[in-house]
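Novice: I am attaching a structure below and will ask some questions about it afterwards.
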Amino acid sequence: MFLLLLQVKPSDNEDKANVTEPVPVLETKSPTSPTPTSPTPTSPTPTSPTPTSPTPTSPTLLATTKTPKKPESDEFLESFTCGYTRASCDVAFCPPWERCFEGRCICKLPYLCPTEILNPVCGHNNRTYRSYCQVMALSCRTKKSLMSHFGENCGENLQKFRSSIDEQTGLVRLFIPNSSGLEELLVCKKFWNMAAANVELCKFTLVKGAASKDSVEYRSLGTLRQLPEKCVSVYCQGYEMSLAECIIYDKVTIGSNNGNKNVATATCYQTSIAPAGCPFTCANGKCVTLNQACNGIDDCGDRSDEMCCKKCKKNAFRCKTGVCVYKDALRDGQIDCLDGEDETEKAVFLQSKEQNAFAPTQFLEKQEIRAILESKLYCGIPNATTVDHEEAGDRGRTSHGRAKRVVGGVPAKPTQIQWQVALEENRRIDCGGAYIGGCWVITAAHCVRPNPGAFRVKFSLWKKIRAQGTTDIVPVEDIYIHPNYIASTYQNDIAVIKLKKLPFTDKCLLDNPAISAVCVPWSTQLFQPNHTCSISGWGRTAEGKSASVLLWANVSLIENCSQFYGDRFKPGMMCAGDLEGSVDSCQGDSGGPLVCKDELGVSYLWGIVSWGERCGQPGFPGVYTQVAHYFEWIRLQTGWPAVTKFNS
């Protein structure tokens, strides 16, 4: 059996609608220690497809706009079409009433919504729903907008929310339930954008939504008809089916000393097929201008104009996956970028000076639902109190404070890498693995065979041949080898180990602060090439000896590995190391973890040590099993709750 792990060499010097794959974006990160720090809790901003709404509206104004000539290239767009949409959970988060399955957001069954938050919602069908999440899940499944307003009072005699576009002026009109019936209001110009115009208003023309959004001075409308004297601000994110589901707030008198002299208008998109030469064709077929793409606002109605961007404009924030996030979503307590970068200090300088000053029920409930769902699974953050007080990042520094170049590996602290396990077969340790929580361990398929009784898993092991005070040894109940594993090529080289439970309990391990679970990544887009990650294990050193203590080293993710290994490099494989050969995984490291840390300090099991050639030689990077590629298979073995932190 070909076994693989970490090489130590002497230092020579110090110093995942139809989805298509976007062009990868390179990001360079400086080396980091594998000991993560605790992140600031955040909640992801939900995204989902925009269906049509059944609420009747007035006849609509139709737009007749000329199509600009398409240029040969664009400074901001990767391409003039994009197959990703808000439903693509490989690059975006699903809203809490949807879950991610095989790269797409799908509607949840209502009973899967959390029961911790129960603010009743009145539906257009006169039913009272238990929560906002429940009514949104039903709307998602039926493709009909069910929500009218919050509250238990919901009978046939109670009028429901509706909206329309005035056929003569294009004015957006809202009819909002209150204690005396319906209050008619206009929409203020402030924060009015295409994401809001697309939501519901043009459903009787095409599902592609609005062609344009604009505003008109209230006084210019004259007195031909009686118009409301007040307007409200509307904030939509694009996934809503009705303006009732958007955030409606800040009712003011039009023309008062508050700057609200203009009110919102909209025109509807009328072309069924994007014209030839369209500057940018949305995934739903809508045509938008290049100015509308990569600005953080959902102009397409399916968000495809924000999903494949090289750069962002108008102070929008670009995630490493190529998604542009609206400036007001930065540091708002909800994760929009997969790696959480929009919630870090890096995003501060792009924050809007005029933040939306609202906290209505919908907005708060989305945050609370996300927090509840994510709190059900804790992973990727080790218990810092068990790690030696000497910071891992301080090891290997010169007297001038410059970090040494990691040449192969350095000894870990005894309880530093808390998800690292050793796989013992018949009292011999040749492979490692990673603890992912509960009763589950992931390793390489070539490390195991279908004989659970021959294996034991050792946790919190530092010296390979001697247990320490925190070491725990657990027998194996079952081993699940990937059904398509091919031993001769190392294709699909992944296995899931189920541990035996302790007597009279559902636990497989006693509580141990030296043991923590690493997170399982759900998207192959979470980390990009050149990202700095870490490997660990007891593999052979440059002298050919087995390491006596657990070693770790930093490695970089390498793209296009087929240039090194040709057709031996298969789907589900990835490369890491450095092309000079100074860091690599070698004999004895197989099955061990390659772990990457996101911008919030959460660690993910990005790879499993699998195979390679000429260990530590230039031009032959180590080959790893890409864990995210097998997320659905892993989840099938462990059950949904065991590994699903986001999009659950």
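Note that Cβ sites are derived from N, Cα and C of the backbone, with glycine treated the same way.
All annotation found in TrEMBL is predicted automatically rather than curated by experts.
The annotation region 'Disordered' is assigned in TrEMBL to 1-72. Residues or ranges marked as compositional bias 'Pro residues' in TrEMBL: 33-57. What TrEMBL records for 106-153 is domain 'Kazal-like'. According to TrEMBL, the domain 'SRCR' annotation covers 158-269. As annotated by TrEMBL, disulfide bond applies to Cys236-Cys246, Cys282-Cys300, Cys294-Cys309, Cys312-Cys324, Cys319-Cys337. According to TrEMBL, the domain 'Peptidase S1' annotation covers 406-639.
What does the local environment look like for each feature on the list?
Specialist: Secondary structure by DSSP for the domain 'Kazal-like' (106-153): 14 helix, 11 strand, 23 coil.
The DSSP secondary structure for Cys309 (disulfide bond) is strand. Proximity of Cys309 (disulfide bond) to non-local residues of its own chain (separation of 6 or more, Cβ distance below 8 Å) is seen for Phe76, Leu77, Glu78, Ala293, Cys294, Arg318, Gly322, Val323, Cys324, given in sequence order.
Neighbours of Cys324 (disulfide bond), defined as other CB atoms within 10 A of its CB across all chains, total 26.
For Cys319 (disulfide bond), the same-chain residues 6+ apart in sequence whose C-beta sits under 8 angstroms from its C-beta are Val91, Val325, Asp336, Cys337, Leu338, Asp339, Glu341, Asp342.
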Novice: Check the domain 'Kazal-like' (106-153) for me and report the mean pLDDT.
Specialist: 92
Novice: At the level of the C-alpha atoms, what whole-angstrom distance separates Cys246 (disulfide bond) and Cys282 (disulfide bond)?
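Specialist: Checking the Cα atoms of Cys246 (disulfide bond) and Cys282 (disulfide bond) gives a distance of 23 Å.
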Novice: Do you know the DSSP helix, strand and coil residue counts for the domain 'SRCR' (158-269)?
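Specialist: Helix/strand/coil tally for the domain 'SRCR' (158-269): 13 helix, 48 strand, 51 coil.
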Novice: I'm trying to understand the geometry here, so how far is the Cα atom of Cys300 (disulfide bond) from the Cα atom of Cys312 (disulfide bond), in Å to the nearest whole number?
Specialist: 16
Novice: What kind of secondary structure is Cys324 (disulfide bond) part of, going by DSSP in three states?
Specialist: strand
Novice: Rounded to a whole number, how many Å is the Cα of Cys236 (disulfide bond) away from the Cα of Cys282 (disulfide bond)?
Specialist: 19
Novice: For Cys282 (disulfide bond), list the number of other Cβ atoms lying within 10 Å of its Cβ atom.
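Specialist: There are 25 such Cβ atoms around Cys282 (disulfide bond).
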Novice: So, in DSSP terms, is Cys294 (disulfide bond) helix, strand, or coil?
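Specialist: Looking at the DSSP assignment, Cys294 (disulfide bond) belongs to neither helix nor strand, so coil.
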Novice: For Cys300 (disulfide bond), just give me the three-state DSSP call.
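Specialist: SS state of Cys300 (disulfide bond) = coil.
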